[in-house]
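Taken from Swiss-Prot as is:
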- CYS84: active site, nucleophile (ACT_SITE)
- HIS172: active site (ACT_SITE)
- GLU174: active site (ACT_SITE)
- SER226, GLY227, GLY228, VAL229, ASP230, SER231, SER232: ATP binding site (BINDING)
- 8-198: domain 'Glutamine amidotransferase type-1' (DOMAIN)
- 199-391: domain 'GMPS ATP-PPase' (DOMAIN)
Amino acid sequence: MTDIHNHKILILDFGSQYTQLIARRVREVGVFCEIFPHDVAADFIKNYQAKGIILSGGPESVYDSDVKAPEIVFELGVPVLGICYGMQTMVMQHGGEVKGADQSEFGKAIINILNLTNNIFSNMEHEQLVWMSHSDKVTQTGEHFEIIASSTNAPVAAVAHKNKPFFGVQFHPETTHTENGKQIIENFVVNICGCDTLWNIENIIENDIKEIKQKVGTDKVILGLSGGVDSSVVAAILHQAIGDQLTCIFVDTGLLRLNEGDQVMQVFAEHMDINVIRINAKNRFLDALRGICDPEQKRKIIGKLFVDIFDEEAAKIENAKWLAQGTIYSDVIESAGNNQSKAHVIKSHHNVGGLPKEMKLKLLEPLRELFKDEVRKLGLGLGLPYNMLYRHPFPGPGLGVRILGEIKKEYVETLQKADAIFTEELYKHNLYHDVSQAFGVFLPIKSVGVVGDQRRYEYVIALRAVVSIDFMTATWANLPYDFLSLVSNRIVNEVKQVSRVVYDVTGKPPGTIEWE
């Protein structure tokens, strides 16, 4: 079997917002990589046995900061690529000079490649459109580096060591705004570092199945199945690896989208023949949420009750030794970062696969090395439906945070119908995949309307659709007026409890994507 981790790249993170993008681009080329903090121990870097090292960008100024690349990076004899801050600290640590730029540079720029024979720019034209994001610049390269690209505002746009395979770029090749950024990454990872492209879905599936079999043996495994992308892909890979040893527990909270519970059972229990236990807990959730209006309280109640019910059912399964979770690589990175984070909590995170402290189960996380886009591709390779894998994100608490204030059965049913109409029309008009997320929100206020000759005094539905790359920021989707009019008319005419539909035109920031 191919060892998909045999050729790998180590990425040292200096705090850039783009660091995860670097990793995704390296993996798109077909090479495994991992992200670690810039101050990771020297012995760890030495023993990691990377074929190459990438130094990320960062928000600090190298001349004001003690944050440097560990010296071991430059002593191992492996190729190094410094990006933005990574380039600046590499040059400075080799005797160069970095100063604050007269003018910060954020946005697209044209660089002129001075040396096309240099491996980092192989198969590229002299002029390249790139994405700059910096306030400092290299003013002196020192005796060890030479300039291999420049721009109007950044005379030192890229450098190469005269004797060693060390390269630096002031711009960000990992962003899609850099026209041939992927080519630069590929040149470094494949041509310069000599990595074989072993990281592909077929090899990942083969590797995961072997690892699961070795780890689990003949033990039984429990999985909390939510119907979301991550838990669905975990169910599929585990079923292929261990078959009947897997039992999925699907807690139907009653806060899912219209008919979603039935769809989950159809895909997994009927189509894939996976052992799924469906727990109808709708009334328990409604009872627990009665009279609760605060969104944080709702999230915590839903999360705790989910774990309690899952715990009750899991205890009934004899000889279970493992609890599977849909943890993905971005969760691992964020969890490591949050241990040192001082950021305020905007919304509590609802992890529907939480590990109850009382349960004596070992943790199984088959997706913990994969980014979300890789998880989706893995799901396709395992035969899961495209529409299940590429549907919009859905919050852990479900419609519980899309119904403002108190949650009532009538409100849930009303929102489910309205939301289903919105989604159906997005698909019909080929708009669903043009937006990143779209949903309805139930507003517990009534508004006067007229249907036919009858006065109607019913509730309001807000429609929300956004476009986003990373969901850290988002713009509201500029959907056609005719389309919005059609959706509004359908909702008001088909959902008797609604008399008015509005469209949310708030970006993030200042708003959040979800209303609660």
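Each residue, glycine too, has its Cβ placed from N, Cα and C.
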GLU174 (active site) and GLY227 (ATP binding site), Cα-Cα, nearest whole angstrom: 32
Cβ-Cβ neighbours of HIS172 (active site) (radius 10 Å): 24
SER226 (ATP binding site) versus active-site residues CYS84, HIS172, GLU174 - nearest by Cα: GLU174
HIS172 (active site) versus recorded positions CYS84, VAL229, ASP230, SER232 - nearest by Cα: CYS84
Winner by Cβ contact number (other Cβ atoms within 10 Å) across the recorded positions GLU174, ASP230: GLU174
Spatial separation of ASP230 (ATP binding site) from CYS84 (active site, nucleophile) - C-alpha basis, Å: 33
Cβ packing number for SER226 (ATP binding site), 10 Å threshold: 24
Residue among the binding-site residues SER231, SER232 whose Cβ has the most other Cβ atoms within 10 Å: SER232
C-alpha spacing of GLU174 (active site) relative to SER231 (ATP binding site), in angstrom: 29
In the chain carrying VAL229 (ATP binding site), residues 6 or more apart in sequence that have Cβ under 8 angstroms from it: GLY326, LYS372, VAL375, ARG376, GLY379, MET388, LEU389, ARG391
Cα distance (Å, whole number) from GLU174 (active site) to GLY228 (ATP binding site): 28
Sorted by sequence, non-SER226, GLY227, GLY228, VAL229, ASP230, SER231, SER232 residues with Cβ within 8 Å of centre, ATP: LEU225, VAL233, VAL234, GLY326
